Amino acid sequence: MTISNTAKITPELVASHGLKPDEYERILKLIGREPSLTELGIFSAMWNEHCSYKSSRIHLKGLPTKAPWVLQGPGENAGVIDIGDNQAVVFKMESHNHPSFIEPYQGATTGVGGILRDVFTMGARPIACLNALSFGAPEHPKTRRLVSGVVAGVGGYGNSFGVPTVGGQVRFHTRYDGNILVNAMAVGLADADKIFLAAASGVGMPIVYLGSKTGRDGMGGATMASAEFDADSEEKRPTVQVGDPFAEKLLLEACLEIMANDCVIAIQDMGAAGLTCSAVEMGAKGDLGVDLDLDKVPTRETGMTAYEMMLSESQERMLMVLKPEKEALAEQIFKKWGLDFAIVGYTTPTKRFVVKHGGEVKADLPIKELGDEAPLYDRPHVPSPKLPVIHAREINAPLSVPDALEKLIGTPELCSRRWVWEQYDHVILGNTVQRPGGDAAVVRIEDGPKGLALTVDVTPRYCEADPVEGGKQAVAEAYRNVTAVGGKLLAITDNLNFGNPERPEIMGQLVGCLKGISEACIALDSPIVSGNVSLYNETNGRGILPTPSIGGVGLLDDFTKSATLAFKAADEAILLIGDTHGWLGQSVYLRDVCGREEGAPPPVDLAAEKRNGDVVRGMIHAGTATAVHDISDGGLLIALAEMAIAGGIGATLDPAPDSTVPHAWWFGEDQARYVVTVKQDDLLGVMTKLKTVGVPCTQIGITGGATLSIAGERAIEVTALETAHEAWLPAYMAAKN
C-alpha cells in the first residue's frame, strides 16, 4: 500500500532514531517499502533496548520464574504471587536512569509514577514503594544537585500520591559520575482471582484512552533510554516526562472502580513509548490487530502530528480494551473522577497495526513483528577474568580496630541514610510496621496478622569483581534481609543496570550476573516474577559498575512477631551465626581504610545461606531472638555498631580468636552471617539446637553499658558512634560546591 511521507528517510534520520543499518534493512524487507516518518518512529520505539530487550532476552529466558505461589511471571506489567486467603501481592522494579540524570526531579517523579501504574494496572492497590539510588563520587560537581533533585522527586511523587516509601539503597561511586541510577519498586495488594492482564481479546472491541491529555513531553524517551550519553546529553531535557501525582491518584481510583464494575477486557499503562507500546503490546499479546484514530486522542497542545502523538510519553495515561456493554458506565466513572475517556480505536482480526490521523493512514505495520517478534541478538560476550584471593594476613592494618570503626561508620558508604528517608512519608496509610533504617521494611497486610518484608539489594563492587558471585550475593543479601525481620522470601523482581552490551566484556558481566542470580533464586526457592533491563549506562565510553538491583518480597505469618536490629536490653548474649574467615577482598575496609579496591569478592555458599536463614527465622518465630541483624557491608563490627546505635545500648565484646587476623575478623565481609541476641535463660538451649543442626554459632559478647568495647581495645561511646554515623550526609548536602 502507499502511505504519504512528509520526510525523506535518510541514513542520518534512521541513526537518530537509534536504529542500526541492518535493522533498517530488516524493516524494508518486512514491510516491502520505505516506512513513513511515523512508522520509523514506531519501529524505533518498539525495537529499542528499553522496550524489546533485544540484547538480553535470550539470556533472561534462563531465569527461574515458576513456583506454586506464582500467579503471573515476567511478561506482564508486574509479577503476581499468591499469599493465601485470596490475597495476591503485585510488584515490580523499573529504572528511570537517563531521564533522572538529565532532569533529576522530574526524572525521579515519573519513575515512581510509572512503576505505580504498572502495579495498579494489574488491579492492585499500591501499598509501598522502595528505591535503589546510585550517584557519582561525592566530590563530583554534579553529585550534590543530582542527589537533591532525585530524593525530592521520589518523595514529592510518593508523598503526594499517598503511598509510603519504606526502604531502599543509596550509594556513591565515581563510576556513576556520568550515569546515575534511579531504580523504583512498587508493591500492591489485589484479590488473587481479580488480576487484570494486557492481552486483548475479541474482534471489534473498543479501545479506550484513559487519564491525562497527551502533550509533547517525553518525546523519544524510550529511545534515549537505549543509548549512551555524550557531552551534550544534558541538552535533552525535552525528552524528560513531567509527572502529576494528583492526576495519578485520580487515575488509580478510576481504574480500580471500573475494574470492580467488570468493565475491563485488557488494560495497559502508557509508559515507555507511550501510545505505541501500549497499543502494540495489547494487540500482539492477544493475536489481534489494532486500528487507532488519532483524531480521537485527547491532546493538550495544538497541531500535534501523528508522529508526536504516537511517541509522546506524557504521564498518567492508560489504554484499555473495554467490554462494549459497559461503555456508558466506564465513561461515567472516569468523568466522575475528572479524567479523559475517549474511544480511540478497535481491535481487528488482521494482526496489523493501523494508525490514522486527519483522515489519512499514517502507519500500517505487522503487529507481531513490532511486539514479541522484535529483533533478538546473541551478542558476543567474554567472562570477567578471575581476580586473586586476598589473604587477610597480607593486609597490614593502618589503624587500630576502634579507629577503623570510627572512620568507617561515618563514610559515604556506611553512614546513615536518615537525611534521605526522612524526606519520604514512610507511614502514610498506617500500615508500616518497620520503617527505613533496618534490614527490611515490614508492612502489615490490611489489619493483619500477615505482613510483607520488603528489601532492595545489590553490591556492585562484587558484581564487577566477579559477576557470577556478585549476582548470587545480591539475591542472598535480599534473602538475609527478609529473614532478619522474620520473613520468608517468596519471589524477587530485578532491575539489571549495565553498560554498553555491544562491548563483549560488558555483555559478559550481564551474562555472569544472570547466571549467579539464577543459581541463587533456585537454591533459595525465590523465583523472578518481574523485572527491567537498563543498558547503555555509559558516558563517553565509561560504563557504570554492573548493578543488578534485586527487589525481594517476603511473607510474615504474624507481623507482630517481626524482629528488629536494635539491642533490646542489657545482659543479653550476642551470638555470631555463620562461618567467619575474615574475607577482605572487595570489602569496604580494604577500600576506605587501606585504600585498595581489589581482590576477589567473598564467595557465596547458597546451601549455608539457606540453612542459616532457616535457623534464624525459626529463632524469631520461637521468640528466642531478641534482636537480629544480617552482616554485610563493613562486616561484623559495623553490624554490631548499628545494633548498638539503634538500641542506645552498648556491648562488651570478646577479642578476635587467636587463630584469626583481628581486623579481618571484625571487618571481613564473609557471607551467610547474622548477629543475634538472646536472653541468658535461652542461651544454652539455642546453642545446643544450633550445634545439633550444624549451624556455626559463637557467643562473642554481652549487651549493656554505654560503650562498644572490645577486650584489650579502646572503648567507644555509643553516642559518639551515633554522631559519626548521622553526620556525613546532612553535612554534605548542606555544603556548597
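Each residue's number is its place along the chain shown, starting with 1.
Cβ atoms here come from the backbone N, Cα and C positions, even for glycine.
When the candidates Arg117, Arg542 are compared with the substrate site entry in Swiss-Prot, which names Ser95, His96, Asn97, His98, Gln241, Glu313, Ser314, Gln315, Ser534, the shared residue is Arg117. Among Gly18, Gly123, Gly470, Gly531, only Gly531 appears in Swiss-Prot as part of the ATP site alongside Tyr53, Lys92, Asp494. Nothing from the binding-site residues Tyr53, Asp118, Asp269 places its Cα within 10 Å of the Cα belonging to Ser95 (substrate binding site). Listed in chain order, the extra residues whose Cβ falls within 8 Å of the Cβ center of the ATP site residues Tyr53, Lys92, Asp494, Gly531 are Leu60, Pro74, Met93, Glu94, Thr493, Asn495, Leu496, Ile528, Ser530, Asn532, Val533.
Cβ environment of Asp269 (Mg(2+) 2 binding site): Asn77, Gly114, Arg117, Asp118, Thr121, Ser278, Arg317, Met318, Leu319 lie under 8 Å away, each six or more residues apart in the same chain. Nearest in space to Lys92 (ATP binding site), taking C-alpha to C-alpha distance over the recorded positions His50, Glu313, Gln315, Asn532, is Asn532. A straight line from the CA of Gln315 (substrate binding site) to the CA of Glu94 (Mg(2+) 1 binding site) spans 16 Å. Separating the Cα atoms of Asp494 (ATP binding site) and Asn97 (substrate binding site) is a whole-number distance of 15 Å.
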